[in-house]
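What TrEMBL records for this protein:
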- Asp179: active site, charge relay system (ACT_SITE)
- His232: active site, charge relay system (ACT_SITE)
- Ser545: active site, charge relay system (ACT_SITE)
- 170-592: domain 'Peptidase S8/S53' (DOMAIN)
- 395-478: domain 'PA' (DOMAIN)
- 1-27: signal peptide (SIGNAL)
Amino acid sequence: MNKVSRGWMLALLLVLALSITALPVQAQIDTDGKAAPTKSEGDYYFVELENDPVATYEGDVKGYKATQVEGQKKLEMKNNDVQRYQSYLSKKRSSYKSWLKEKSSKAKVVEEYSVTLNGVAVKAEGINPDILRKGPGVKKVVKSLKYKPAMSTSHSIINDKPLWNMGYQGDRIKVAVIDSGIDQDHPFFQDPNLRMPVGFPKGDQRFTSNKVIVAKVFSPDAKATPEAIGSHGTHVAGTIAGVEGYKDPTGAAKNPLSGVAPKAYLGNYNVFPCNDCSAESIHIAAAVEAAVRDGMDVANLSLGGEAEPGFDLLAEIVNAASDAGMTTVISAGNEGPGPMTIGSPGTADKVITVAAVANSHFIGQVINITVNGEQKALPVATSDPGGQLTEKTEGSLAVVKDDNGLACSGISEDLTGKIAVIKRGDCSFTDKAFNAQQKGAAGVIIANNVPGDPSGMSLEEKVTIPAVMVSQPDGEWIMKGSEGSAVLDPAGLEEFDSENGKTLAAFSSRGPTINYTLKPDVAAVGVNVYSSVVGGGLASMNGTSMSAPHVAGAVALLKHARPDWTSQEIKAALIGTGTDIKGGPTLPLEVGGGVIDVANALNTPAMSSPASLSFGLVKKGDKKKIEVTLKNTSNAKKLKYKLSGDKDVDLSKKSLNLKKGESGKFTVTVEGKGKADTDYQGYINIKADNGKSIRIPYHFRTVNR
């Protein structure tokens with residue numbers, strides 16, 4: 001158990017927030033500032049109509065049978081009942097579209113939904129959005145928001161190789177990558193032994209292959225294609241399903257590379273078809289719906305936007321996708337370390353929301369630094385595509401003083417021919433490096449401001465001088481010197497082992513959600529992840545954008561190995577068997593169940609429903625209860641499970657005896673106590689008499705009556 005007085009904690013976190021990185025939501029985009037996407041300045045709106053969508057329809061319309069799937073089933077779009085109900089919904093949408101056409105010649109329906117949402121998306125030019133609510137059958141109107149895109153040794157951290165050894169590599173599992181596209185020609189995606197599944201390819205076949213079996217684009221730009229322009233989606237896809245045994249052509253990686261599920265198929269659902277662009281939630285929703293229609297088994301959304309209090313329509317849409325049998329994995333966000341920073345749609349309760357921990361290695365280079373006569377060879381992380389270290393660069397060191405060393409609003413001194421040393425934090429890496437370049441600097445050294453390894457930086461191509469990052473201790477050593485020099489030599493990339501594996505990433509968003517529910521669900525590697533980029537190369541990226549695809553790949557392995565497991569059972573297995581982080585306490589509001597362990601998830605002795613316990617706000621003196629169902633998922637004929645918790649939870653039972661496949665119930669009760677706005681969190685521990693165990697994370701916040 002851990003409890004923190006939120007008032008005290010916020011004061012501390014406000015100080016920390018000024019000194020650590022906070023990447024834009026979920027992506028390893030070039031920034032260190034709080035750059036979460038804000039509400040759209042455009043004029044797109046969701047219009048949700050009254051009847052339930054196909055994924056959640058329970059049969060309440062006379063003459064139309066239920067279409068909601070049960071158990072491990074996946075929604076079948078060719079099912080007669082599904083097609084009949086879709087036709088019914090289509091007529092309802094047609095009625096609304098006819099009404100809208102009469103009301104305004106400018107307002108235009110740009111997307112239609114029936115599977116995960118029953119409604120349309122409207123571009124409301126020349127019409128007051130309040131009028132949209134007056135149409136026939138309208139349930140609600142919601143403004144579209146903007147969202148941004150937020151291998152080798154990481155396998156040992158998530159423990160997926162044992163499944164490979166048993167023959168489970170994601171065969172026939174289809175994973176949708178809702179992102180910035182996939183470079184289907186990259187050598188990391190070339191597998192001559194894969195056969196195109198029946199009914200595929202789908203979409204624009206110029207951008208498909210026997211590995212990337214779908215290529216579709218979702219954008220207001222009529223000329224946009226599914227082609228991968230930015231590398232974010234290609235990097236994510238490589239982590240999920242890059243082919244086994246790919247050798248790094250640079251020789252930097254010591255061992256051959258592989259995605260987590262190397263035999264899985266990939267679907268390119270491109271919602272970011274340009275460099276550094278955002279996407280409207282109406283288009284993300286359309287991509288989710290298309291992925292369900294196409295029969296995708298898993299979806300990865302390494303993206304996010306500002307979470308909305310109360311009702312979040314995109315969160316409801318991804319929940320419906322999970323109901324339809326498509327296990328949906330979403331990055332938690334990069335707005336940490338403050339509380340309540342989980343982004344949308346990662347706030348959705350039925351998806352798997354992923355935090356980030358550090359890798360056990362990083363790819364970088366060595367530079368030579370001399371400070372006050374002492375010389376050191378320091379490992380550094382490099383930049384891409386701007387700021388690359390391509391030729392030998394040397395000069396005297398100049399520690400920048402502007403903005404307390406952050407150099408965000410410009411640099412006053414002349415840096416001609418010098419190597420600028422700048423602190424990390426507050427603004428983008430591009431801003432820092434470009435400001436130094438404008439003052440004549442020959443190169444830039446960014447000093448990390450958090451413990452751990454230096455991390456690779458994504459810089460815009462306008463930065464033409466080399467930019468590298470050193471670790472926090474190395475940066476402090478450089479900045480303490482009165483004089484010094486640096487030699488930046490592009491001697492080639494190499495792999496450095498790290499003792500920081502499984503430490504929590506400072507940028508990783510923390511819970512609870514804005515609605516006081518427990519998130520994230522699990523954690524995976526999201527720092528210095530080395531994977532494919534557009535054009536055939538490899539690069540390191542950071543962010544929960546990189547941790548989510550590790551989990552999506554893990555889900556593909558589990559679906560291959562346990563095809564009878566539902567999305568919620570897979571989620572429960574991963575949460576329940578999570579492992580502790582390194583370098584600090586393991587807390588549910590930071591990592592949910594912990595760092596995923598795929599082999600342990602496969603062999604979990606039990607599953608709980610719910611997999612985590614969100615009590616929300618509890619008034620002082622009040623009690624709240626949640627009933628938990630525990631299922632024996634082991635191969636043992638019978639197991640006894642011992643149940644235990646800490647002093648902040650009360651369990652109705654101390655043990656359960658369950659036969660194979662049998663379920664039992666117990667109740668967990670909490671009581672509001674202590675100071676107001678105090679978070680209580682911890683784990684219910686469940687140990688089977690075969691020596692295996694699981695845990696159930698819980699959280700509640702005490703408030704005044």
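For all residues, glycine too, the Cβ spot is worked out from N, Cα and C.
Automated prediction, rather than curation, is the source of TrEMBL annotations.
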For the C-alpha pair, I'd like the distance in angstrom between Asp179 (active site, charge relay system) and Ser545 (active site, charge relay system), rounded off.
10
Would you kindly give the Cα-Cα distance separating Ser545 (active site, charge relay system) and His232 (active site, charge relay system), rounded to the nearest Å?
8
Return the residue, from the listed active-site residues Asp179, His232, Ser545, with the maximum count of other C-beta atoms within 10 angstroms of its C-beta.
Ser545
Mean of the pLDDT scores, which run from 0 to 100, over the domain 'PA' (395-478):
92
